[in-house]
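Peer 1: Quick one: the structure is below, and I'll ask about it shortly.
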Amino acid sequence: MSVEKKIIKIIRKFIGYHNVPVTTANISDVLLTHPDFPDLVSISDAFDEWKIDHATLKVKPEQLVDIETPFIASLTDPDDYLAIVKEVSNDYVIYEAGNGQDLKIDFVGFLERWRGVVIAVSPDENSGEADYPAKYKAQKINAYKWGLSGLILITLLAVLIKLRLDTTEARYLAPLLTGLLFAGLGVILSALTYSYDKGSAPEFVKEICGAVSGKGCKDVIASNASKIIGNITLSEIGLAYFFGVFILLLLPTANTITALNIAALLNLCTLPFTVFSIYYQAKVMKAMCVLCICVQVLLWVQFCIGYSYGLLFIGNYDITGLAAALVSFSIPAFALMLLRSFFDKQEQVGTLKKALKRFNKNPEVFNGMLKNGRSIDTGSGGSFIIGNPDAEITLTIGTNLFCAPCANLHPVIHSLINKHESLVKIQYVFLIPPDDAEQYALVDYLLAIYNQHGPSAAAYALNYWFETFDLPGLKQQIPTQTDAYKTQKFINEHRDICNLFEIEHSPAVFINGQTYPWIFKLKEIATWIPYLEQY
């Protein structure tokens, strides 16, 4: 199992142990598309995305017993460098590594394998994947679809075999069933070889290949000799061949003896290749591919079957038999064209996702776009500032108090103030449409709180409003007297700012007067604060 697969497995289990609602698809997607995966920073960023409070710590050995389990430990083994520590005492440590097995070793032995770094987490009720219930439901429906598709395929296959057997003479039943069996095995082996070539083989195949032939499967399948014409690989040819033979023997429209005869002759044509393949692996590559050898053995088994049943002859073929053969091999060829296109697109999408995430996590790119963006100068901005008034970083938020995206952004801004209180202040600019009595009343009330109770009370009022949109409930908590003159002056100042700098949509975000780069997500704004200290 690759390092990447082991880490995904570890994180999936670790999240499960803490009962954090994240779908398996999202775990793989977030980690595999991270530009720094499989480094620890990718795991930290993933926990941030899932709102899991965590800390990556370098701790002393004697501090391990004080960390709440389970936690993640970084190990020295480059092929298995993450583990879930489940129990720690002064005498022993129990941990689970990438193989999924619990290992109990003495404390000193664990210290020899440990890098001295852990990731401790403390999830809460807000932790998890965004919109998890809907995505989990979609994941279950997708699983049911695959199960239903498999059931339909098996049923269809059983019906076709029954029809084929009903139209076959008794003397040909044995070679037909044997031919179908080994063609089916060939399809399975070739499909596994093809998936290995594309890097999506099941783990048990990788483990078998690794145990039996080391890097043989990988080296042989990736060699130039495994490609025939352009990028068409032998694994694709093998899959099309076995699949075509299976369909040919299965089609009830073709005469049974004709189908068996054509299949046997085609098999005879493949045998020289098996000799070349074994010679090439043994003498040139000096590496053996267990999957390839199994396919070649199967081809010789098919030959023995055809020879023993007397199927190796050139007969008089009618148009029906030839048409059936043409259709039988055209179907897998066309299917493989579609499959190749699918894999190529998936690879391109994965590459683009990773490139975009690398771009989106580059501080130099962010600062460059920030400095080159449109700038504004709001001055005091109508004096509605939350946070440290002497902070070096001013985050100007153009907001409409009845705007849903503004409400979604507000918890991010609130968390930002709490986390970077000494570095950041928030300057609100309200977008207030003319003749909007409801919004006028709300601004009138918020401004009164700000002027009479201070920025902290105003911050609380904004939090409450964006969570509930309940003005009467808010007024019951913080009674205050409004001032129509101050409110109108305040609104006029904000309208002038919006008109002057063409702030027409909300939320609009500016950092030290520079427009927040549109390509970066607003919810990730806290990511860039440490880099803005130099700005």
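Including glycine, each Cβ sits where the backbone N, Cα and C put it.
Annotation comment: TrEMBL describes 4-121 as domain 'Peptidase C39'. What TrEMBL records for 143-161, 173-196, 228-251, 257-280, 287-309, 321-343 is transmembrane segment.
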Peer 1: With DSSP, how much of the domain 'Peptidase C39' (4-121) is helix, how much strand and how much coil, in residues?
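Peer 2: Final tally across the stretch: 46 helix, 35 strand, 37 coil.
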Peer 1: Apart from its near flanks, which chain residues at least 6 from the ends of the transmembrane segment (287-309) lie with a Cβ under 8 angstroms of it?
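Peer 2: Sequence-remote neighbours of the transmembrane segment (287-309) are 174-175, 178-179, 182-183, 185-186, 189-190, 192-193, 196, 205, 208-209, 212-217, 219-221, 234, 238, 260, 263-264, 267-268, 270-271, 274, 277-278, 281.
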Peer 1: What else in the chain is close to the transmembrane segment (228-251), if you only count residues 6 or more beyond its ends and a Cβ gap under 8 Å?
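Peer 2: Long-range Cβ neighbours of the transmembrane segment (228-251): 157, 160-161, 164, 176, 179-180, 183-184, 186-187, 189-191, 193-194, 196-197, 221, 259-260, 262-263, 266-267, 270, 277, 292, 295, 324-325, 327-329, 331-333, 335-336, 340.
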Peer 1: For the transmembrane segment (257-280), what are the same-chain contacts with Cβ under 8 Å, counting residues 6+ beyond its ends?
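Peer 2: Result: 172, 175-176, 179, 183, 225, 234, 241, 245, 248-249, 251, 292-293, 296, 299-300, 302-303, 306, 309, 311-315, 317-318, 321, 324-325.
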Peer 1: Cβ under 8 Å, sequence separation of at least 6 from the ends of the transmembrane segment (173-196): give me the contacting residues as numbers and ranges.
Peer 2: 161, 164-165, 202, 205-206, 209, 217-218, 221, 233, 235-236, 238-239, 241-243, 245-246, 249-250, 256, 260, 263, 291-292, 294-295, 298-299, 301-302, 305-306, 309, 311
